[in-house]
C-alpha cells in the first residue's frame, strides 16, 4: 500500500529505540541479543542497506510509543528550504556586524581630520567598541539562556540599531565615544545568531554551513567600503553611519519569521511549541517528522566559569583563549592598519618618511583619497577567497592544521610589510595576509565547539 510507505531523507542509517516491555530468555541475556516482536511484522528480517531517498516499509519506522529528541528530529528532517531562509536571515545580522566593525577603519581618519583629534583620542574611539563587546558578550549569553536565543538576538540587534543611528548625530567627541561604546555593547550579542543557526542544522552540514555564513561577513565588509566610496565625498560620515545600519533594520523587520530554538523550548518545558517549530521545519523542507514522543535530552549540570580551569579543561581553555586573542588581534589590527599604511604613501621615499614624522608631531592629517578607498576595497575582497580556501581545506587538513597554515602565511606576509615595498606590492601583501587571517578566524569558529565537547 502506498499509504504504508514514507520517504526517509537525509538519514543514511535507520535507528531504533525500544522503550516497551518484552520477555527476554536467559540465553538472550547472556548473548546480549534478543528479538523485538512487533504486531503485524514478520520476525527474522534481514539487515538491508537503504539508498538515499529510497522508500522504506512502514515496519521499519519507529514504533508509535517510541521517543525522540530535538537533535534526532533535526537530523531526520535534514537540510532544506527552511535552513536556506535561516541562513540568509542570520547572515543579514552577521553582515551588519561586519559593517559596524569595518566602519572603524574609515571613521577614525575622517574624525581625526574633521575634529582635529590627537592620535590617542582616535585610538580610544576604536578601542571603546571592543571594550563594549568584551563587557557584554557574557551578558548576552546569559540572556539567551534564560529568555531564549531569539529574544537575546532581537534585543541586541535593536540595541545596536538604535545607538548606531544615534551616534550619527553626535555633536562632539565625548558623545560619539559613549555612543560607539554602546554600539559595541550591542554587537557583543550578535554572535547569538550563530548559536541559533547551529541548533537548526543537521550534524553533517554544520561545519560547512557555519563557514558559509561567514561569507555574509565578507559581503558586509565589502559593502561598507563601497558605501563609503559613494557616501563619504558627498554626504559625509554621519550619513555613512545611518546607511550602515540598514542591514540591522532589515533584520529587525524580518525577524518575525525567525522561530525560537526548539532545543531551548524543550529545555524550558514548552514541548508543544518545540513540536510546532519542528513540524513547521518539516513542512517547509518537505520531510517527515519522526514518529513518537518528544523528550528532553539528558542534560548535565550547567557549568561555571571556574570549571574551565579544572585539570580536564585548563589546557584546552588557555589554548582556545590564545587562539581567539591571536585571531582578533591580527585580523582587526590588520584592518585598522590598512588605512594607516595607505595614507603613509611611499615609505621608500625619504621625503615621505620625513613628512610622516612631522605629521605625528602635530594634528596634521590627510583625508582618505579615492585611491585609498579603491585599494581598501581590493584588500577587503580578499575575505571571499579566504573563506572559500578554508572551506576547501578544513576537512582535508583538519581544523588545527588549517589554523596553523593560515597563521604561518599571514605572519610571512605581515613581516614583508617591514621591508621597502611599492604601493602595488603593499596592496598585494595586505590582500594575502587578510585572506588567510580571515580564513583562520572562521576555522576557529568551527574548532572551538568541537574542542570543548
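Placed from the backbone N, Cα and C atoms, the Cβ positions cover glycine too.
Heads up, TrEMBL stuff is auto-annotated, nobody curated it.
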Among 24-47, 48-71, 120-143, where does TrEMBL put the label transmembrane segment? 120-143
Range from 155-176, 182-198, 210-231, 237-258, 312-332 with most C-beta pairs under 8 A to the transmembrane segment (86-108): 210-231
Three or more CB pairs closer than 8 Å, sequence separation of 6 or more: does that hold for the transmembrane segment (210-231) against the transmembrane segment (312-332)? no
Can you tell me which parts of the same chain pack against the transmembrane segment (182-198), counting only residues 6+ beyond its ends and a CB-CB cutoff under 8 A? 86-87, 90, 93-94, 96-97, 100-101, 128-137, 139-141, 143-144, 149-150, 152-153, 155-157, 159-161, 163-164, 167, 206, 209-210, 213, 258, 261, 445, 449
